[in-house]
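Feature annotations, courtesy of TrEMBL:
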DOMAIN    4-155  domain 'PurE'
BINDING   S12, D15, R42  substrate binding site
TRANSMEM  110-135  transmembrane segment
Amino acid sequence: MTTPPVGIIMGSQSDWATMREAAVLLDELGVGYESRIVSAHRTPDRLWDYGKTAVERGLQVIIAGAGGAAHLPGMMASKTRVPVIGVPVQTRALSGVDSLYSIVQMPKGYPVATMAIGSAGAANAALMAAGILALQDAKLAKRLDDWRAALSASIPQEPSDD
Ligand SMILES: Nc1c(C(=O)O)ncn1[C@@H]1O[C@H](COP(=O)(O)O)[C@@H](O)[C@H]1O
């Protein structure tokens, strides 16, 4: 089985409602991906193996979503040089600010490209991954340009009352 270019990983099944937004967009753009539950806290060996084999398996971008003490994206960035895009999942207790702060403040040397909290962040992670892959893929670049143009065209000039 060939490895798709993008790995979507998340700390828990409960993150899928958010991370699905990334999957939906990658589907729209025709970008292959795999989705896995990988937790630094609950499945540390799985995290280790995923990070250790990411380069040799051919993953090109990893989108990592987690909530609360969201160590998954940073730990994955420590384990592989494959670029990691972090998605702070919204939490009930602290609205996702906990997730954001856990992901964004990486020490020098191990970056995580951190998106907005919640579903907008998950969707943007997919667009960011597509943008990275499009640097080497002219057909994808065209699909991404078309997607962006369609979004622009859908924005009305004036507000309406309905
Ligand atoms: N932040 C992490 C990590 C991790 O960073 O390794 N593993 C699970 N979690 C988070 O725990 C939250 C609650 O998980 P449950 O809903 O399973 O209790 C989820 O948002 C998950 O990302």
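Quick reminder: no glycine exception, Cβ is built from N, Cα and C everywhere.
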Residues flanking the substrate site, with Cβ no more than 8 Å from the Cβ centroid of S12, D15, R42 and excluding those residues themselves: M10, G11, Q13, S14, I37, S39, A66, G67
Cβ neighbour count (within 10 Å, all chains shown) around S12 (substrate binding site): 18
Which of D15, R42, all binding-site residues, has a Cβ with the fewest other Cβ atoms inside 10 Å: R42
Reduced DSSP assignment, D15 (substrate binding site): helix
